[in-house]
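Pulled from TrEMBL, these are the features on record:
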ACT_SITE  D100  active site, nucleophile
ACT_SITE  D159  active site, proton donor
BINDING   D100, D159, R231, W235  substrate binding site
Amino acid sequence: MNLLPSFPPHAFDGRLEDVRRRLEAKLSRMRIRLHGKTPHAAPDGVYDDTALDWWTSGFWPGILWIMYGLTGDQAWRDEAWPWDERLETCFLAESDLHHDVGFQFLPTAVLKYKLTGDRDARRRGLFAAQFLAGRFNPKGKFIRAWNEPDESVGWSIVDSTMNLSLLYWAAEESGDPRFRHVADAHAGTIVEHFVRPDGSVRHICVFDPATGEWRGALGGQGFGPDSAWSRGTAWALYGLANVYRYTGDTRFLDASKRVAHFFISALEPDRVPLWDFRVVPRDGQPRDSSAAAIAASGLIELAALVPPAERPIYANAARDILLSLTDRYADWNPDRDGVLLAGTGHMPEKKNINVSLIYGDYYYVEAVAKLLGWPHRVF
Ligand code: GLY
């Protein structure tokens, strides 16, 4: 199920080779500068060094593995190799790992296993999948998001849709369908409670953890409970396309398409969204380039999954977003960290606004790699 037909290279207007060369030049320099760091945000062209258990810690190693896959150069592999073992230490001591272990172990352990066959990486991926499945609340049919005692016990967030690929991979790899049962049930909850009829998406849904009853929505990283956080929309678009790829259930394809239609129609004229599609007032609000990059990579999946007559809607949208990111938002200066400028991390908490974000960089690199014919899929 992982080998999707590669996207037609002409869809990127013959620019792909140039982008590949620029990425290699820039990321090679970052590889030397970032050695030993766990990068998350680069406010002034210098990536920070964040906690290993933070949800973003898998993205830099994911970039390293993708670059190894694209180039075959051992230097990328050597730098990427220790990361899943490093991340595993978070399971062996007190840490704040939560439902985002998918973001952390898919582009590290699972991708390493796919590329190298390393059995320890496989074991770590399966261990992370068991941890994720263990967060499932069978009454409410949702995966619990965070770890704070009391109030967040019944919270689930839309970002989780992307973590489901870890469960589907584990079901295939181990032959144990329980992983798939959990993923299917949670994905059903996403469609039922998170995706609104117009294709916009809620960030946080609150359930009664004892009875499973739906209690309402919270704004989370969005402008408010009724708004439309653009990165959350991108997580749903991409995640639901993946669920369809794994299940063949058209409920998920239809939901992904609905979210995609909302996302595409609500973009700014330069094809990059504001951090929330429904923020008011709109003037002066920052964009989020990471939402654009995630959506572009998801739209490439969607284009490969729909019948040929529907493909141009999604393929053209992905192309337009990537061209805009490449021409308007990419920082090709090799002396600075960060591929994409203008990411917004957490607007309500006023954290990491108008910066480079490692997940924006990852999904931009992933999308370009897909266009170059890179056959692997971890999300
Ligand atoms: N998963 C958290 C975020 O997208 O910011």
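Cβ coordinates are placed from backbone N, Cα and C, and glycine is handled just like the others.
Because TrEMBL annotations are produced automatically, they should be read as predictions rather than curated entries.
On the structure: features taken from TrEMBL.
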residue : record                   : Cβ contacts under 8 Å, 6 or more apart
D100    : active site, nucleophile : W55, D159, N163
R231    : substrate binding site   : Q221, W275, D288, S290, A291, I294, T344
W235    : substrate binding site   : V158, D159, T161, M162, V201, I294
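Compute the center of the Cβ atoms of D100, D159, R231, W235, which mark the site for substrate; besides them, the chain residues with Cβ within 8 Å of that center are F103, I157, V158, S160, T161, M162, G232.
All protein chains included, the residue listed as 'active site, proton donor' registers 24 other Cβ atoms within 10 Å of its own Cβ. Largest Cα-Cα distance over the residues recorded as binding substrate, namely D100, D159, R231, W235, equals 15 Å.
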